[in-house]
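Feature annotations, courtesy of TrEMBL:
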TRANSMEM  12-33  transmembrane segment
TRANSMEM  45-69  transmembrane segment
TRANSMEM  81-107  transmembrane segment
TRANSMEM  139-156  transmembrane segment
TRANSMEM  176-196  transmembrane segment
TRANSMEM  212-230  transmembrane segment
TRANSMEM  242-262  transmembrane segment
TRANSMEM  271-289  transmembrane segment
TRANSMEM  295-312  transmembrane segment
Amino acid sequence: RLYLDPQLVPDSSSCWGFLLGLMVLIYGSHAPLIALTKVDGQVPFSASSCVLMIEFAKLLISSLSLALTGSTSALRSPPRLLLVAPYAVPAVLYTLNNNLVVVMQAYMDPSSFQILSNLKIASTALLYSVCLGKRLRSAQWVALGLLMAAGGFHSYSSLDLQGPEVHEGPRLHITAWGLFLVLVYCGVSGLAAVYTERMLKSQKLPLSVQNLYLYMFGVAINGLTSLSSLRGDRRFLEGYSGLVWLIIAGQAANGLLMSVVLKHGSGITRLFVISSSMLVNALLSWAILGLQLTPLFPLPCALIGLAAYLYYR
């Protein structure tokens, strides 16, 4: 059971089940697919150019959707600045977070980041409750706590998959500055999700028009970031393969599906999608990359199932 506005979308459990299942699959397959593109242990393409292509694909699909649904009438007159300007905020917040992920690596090991990034579940829930005025029941807060615990257990158990070299030195390390940056990262992540949901629901515009505004700013801001990060001796599409284009298509589709969830569902549903996807990630890494599942793997599976039951019952 999802929080859906009956005036916005028909109540179709099977349709929503398929949509959410597809999102979980795409989210979960992202990291294994990137691992398959590596050449001599290195990703052969520019990450910033890939993000830009994902944003451009979402903009292109939104434009086509706008034309096919006949919603172009909403664009006949130039939009007011006060109507369009708020759509720049999510692009700025997500760009900030993408850069924070890179900066934080200097102040902690990747495993510490993976574990502590689960705090964004708490930050999103708090901002969801405060900013959107959604009062959660005690059982729902417990459910979100279980969801965060599931992420922590899964992240910690994955430390055993990194090979014997992790035992040669400290397994985890983080500085005070690194901890501060993690808290900022989780806060910005929650704020971006809650702000986007509020904006999509508050404006009486077709979703295709709202997506058009969102991804126009996404392309502009990520375009500047991509151009500034590319080296002079590297072409924009260097290292791209069929698998890379598949990743771009999948992430573009997931971004558009997420806008449907935020428009007609809730940001909390997004948290359950992301948490469930880490289990798919582990299973695909086992099936495709040959990584071994640890004995703790069933624990986060059970915790996520229990959390979903408590939250949506």
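Start at 1 and count along the chain as shown; that gives each residue its number.
Placement of Cβ uses the backbone N, Cα and C atoms for every residue, glycine included.
All TrEMBL annotations are machine predictions without curation.
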Cβ contacts the transmembrane segment (81-107)/the transmembrane segment (212-230), at least three under 8 Å, sequence gap 6 or more: yes
Top Cβ-contact partner of the transmembrane segment (45-69) among 176-196, 242-262, 271-289 (pairs under 8 Å): 242-262
Beyond the flanks of the transmembrane segment (242-262) by at least 6 residues, Cβ under 8 Å: 19-20, 22-23, 26-27, 29-30, 33-34, 36-37, 45, 50, 53-54, 57-58, 61-62, 193, 196-197, 200-201, 207, 210-211, 214, 269-270, 273
